[in-house]
Amino acid sequence: MATARKPRGGAGGAAQPALDFDAPGEIVCGVDEAGRGPLAGPVVAAAVVLDPARPIVGLDDSKALSAKKRERLFDEIVAHALAYCVASASVEEIDTLNILHATMLAMKRAVEGLAVRPTLAKIDGNRCPMLAIRSEAIVGGDALVPSISAASILAKVTRDRMLVELHQQFPMYGFDAHAGYGTPQHLAALREHGPCEHHRRSFAPVREAFDLIR
């Protein structure tokens, strides 16, 4: 899955590059993920190139924001960013590659899906995916770098919406309440019903629940 926004055109339809004021001369994209820890569902990553001419007030780490504020900021980012792309790695890819490599893959897809080619990717965390452009890992970047904050919001809101859709198919697990994380409610449902096709069988609690129903 990848959702990308085309750049807004300037004179003659040429894209207007967004420059990060903290990195003069660079076209910077912020990159973050959502869903490394859950027991179910894909891992989702987003890459965002903000437009300094259209600042977005209130950007922060998505985990520090209420769901209502995340939804509002999601709409603002989609409307005002110069470019964005949301991508994912599937449960099958997570189980095959492991969650770290699947996360790097989702991030790579998000950056490569941007309609504006950045010169620098600022990645939340302590490691970067393999990219064709320069990249910089920033621990806690989702609370420090606006473009990473924006990516964090797009990734989390998108993933939360995906899990709400999964809840419609598998209401017994309560995906709409915990987004696939290993809450007591989710673990109890796993023990009672066993895992579904959207559970990550490479994760120990899911593997244990699968063994119980064999």
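Numbering starts at 1 and runs along the chain as displayed.
For all residues, glycine too, the Cβ spot is worked out from N, Cα and C.
Here Swiss-Prot flags D32, E33, D124 as divalent metal cation binding site, drawing on sequence analysis. Annotation for D124 (divalent metal cation binding site): same-chain Cβ neighbours under 8 Å, separated by at least 6 residues, are G30, V31, D32, E33, A137, I138, V139, G140, G141, D142, V145, I148, A151, S152.
For 26-214, the entry in Swiss-Prot reads domain 'RNase H type-2'.
Neighbour counts were taken as the number of other C-beta atoms within 10 angstroms of each residue's C-beta; across the binding-site residues D32, E33, the minimum falls on E33. DSSP gives E33 (divalent metal cation binding site) a strand state.
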